[in-house]
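As recorded in TrEMBL:
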{"type": "DOMAIN", "residues": "63-227", "note": "domain 'CP-type G'"}
{"type": "DOMAIN", "residues": "72-225", "note": "domain 'EngC GTPase'"}
{"type": "BINDING", "residues": "Thr112, Lys113, Leu114, Asp115, Gly170, Pro171, Ser172, Gly173, Ser174, Gly175, Lys176, Ser177, Ser178", "note": "GTP binding site"}
{"type": "BINDING", "residues": "Cys251, Cys256, His258, Cys264", "note": "Zn(2+) binding site"}
Amino acid sequence: MTEGVLLKGYGGFYYVYAEDRVWDCSLRGRFRIKDQDFLPGDRVKILPKEDNKATIEGVEPRRNALTRPAIANVDLALLVFALTSPKPDLNLLDRLLIQVTVAEIEPIIVFTKLDKFNETTSTIIGFEEHTITDVYRKIGYTVFEVSNETGQGIDEVKLQLADKVSVLAGPSGSGKSSLFNALSPGKELKVGEISTKSKRGRHTTRHVELMVCAGGLVADTPGFSSLFLPNIKRAELTDFFPEFNERRQQCRFNSCLHDKEPDCAIKAALESGEISASRYEHYRIFLQEVIEAERRY
Ligand SMILES: Nc1nc2c(ncn2[C@@H]2O[C@H](COP(=O)(O)OP(=O)(O)OP(=O)(O)O)[C@@H](O)[C@H]2O)c(=O)[nH]1
Ligand SMILES: [Mg+2]
Ligand SMILES: [Zn+2]
């Protein structure tokens, strides 16, 4: 028996990476698990047969799992957003940061399309930050700016991936498949070029699939534009905003939710420009969502 990682599975066919190769697997007869009960990233036990064929004999409990994108046992999440177009949806980025942190997955933010980005035309975000990269670096997140076209910044991202299971997540058109191609020359995934002749639409990614890339396994995934917050309590929300968390001791009230309370250190930091307006706005939106979800239970 050999241990491996499920790369993808559909229609009764499973592809498992083990011993530096990909095995075509089927489920063992008595091992009755529906397709949707497996996720890419699942650790499975396989019994090799002839050639590269094998049967799946068992599956290990998951260390973590995401629903959007659907994948298990992830070490690293690359949150991919374009600097230019589509305009980066920072509400979605802040949601993704919460989702992966709850799942105990390390996030890395990758801003793409650096070749199209021109700082003089970009919006000034706060007093101290001039770009969204500044905002997230100041909080303490690891942020890369890359061009999938020119290759600028790609090597730095590549260094993060060895011996890990990583997932690319973000909105449609942000450049996830293009980033995968830039990280893994030779393996050309289809990207969203619109064919001007046929106008038959874009090559948008439809499946989650792990692939061997830069010394690790990386999953390209379909883009999405909305995401529910995970099940957290109102008092816990600050835990997922590191720049709020480090200041909360200075709020007058221990139970301060940094909303309408007086003498709030978070609101003071917002006014002095130390906390970004977009981060605070998203905190307020998420707070309302969390409170409404609490009421429903
Ligand atoms: N100029 C420039 N264009 C890029 C860059 N990255 C991606 N693109 C273009 O942006 C478009 C969308 O790229 P994709 O890689 O298909 O985006 P995606 O995130 O995989 O989209 P979905 O599969 O729909 O989720 C394509 O036309 C790419 O050529 C970049 O760094 N610079
Ligand atoms: Mg894609
Ligand atoms: Zn407060």
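If you go along the chain as it appears here, the first residue is 1 and each next one adds 1.
The backbone N, Cα and C atoms fix where each Cβ goes, and this holds for glycine too.
Here the features listed in TrEMBL are placed on the structure.
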residue	record	Cβ neighbours (10 Å)
Thr112	GTP binding site	28
Leu114	GTP binding site	19
Gly170	GTP binding site	29
Ser172	GTP binding site	14
Ser174	GTP binding site	27
Lys176	GTP binding site	32
Ser178	GTP binding site	22
Cys251	Zn(2+) binding site	21
Cys256	Zn(2+) binding site	20
Cys264	Zn(2+) binding site	20
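Secondary structure at Lys176 (GTP binding site), as computed by DSSP, is helix. Distances between the Cα of Cys264 (Zn(2+) binding site) and those of the binding-site residues Leu114, Gly170, Ser172, Ser174 are shortest for Gly170. Take the Cα of Gly170 (GTP binding site) and measure to each of the binding-site residues Cys251, Cys256, His258: the nearest one is His258. Over the domain 'CP-type G' (63-227), the average per-residue pLDDT in this prediction is 89. Rounded to the nearest whole angstrom, the C-alpha distance between Ser172 (GTP binding site) and His258 (Zn(2+) binding site) is 33. Contact annotation for binding-site residues (Ser174, Ser178, Cys251) versus ligand 3: Cys251, each with CB under 6 Å from a ligand atom.
Recorded residues Thr112 (GTP binding site) and Cys256 (Zn(2+) binding site) have their alpha carbons 37 Å apart, per Cα-Cα distance.
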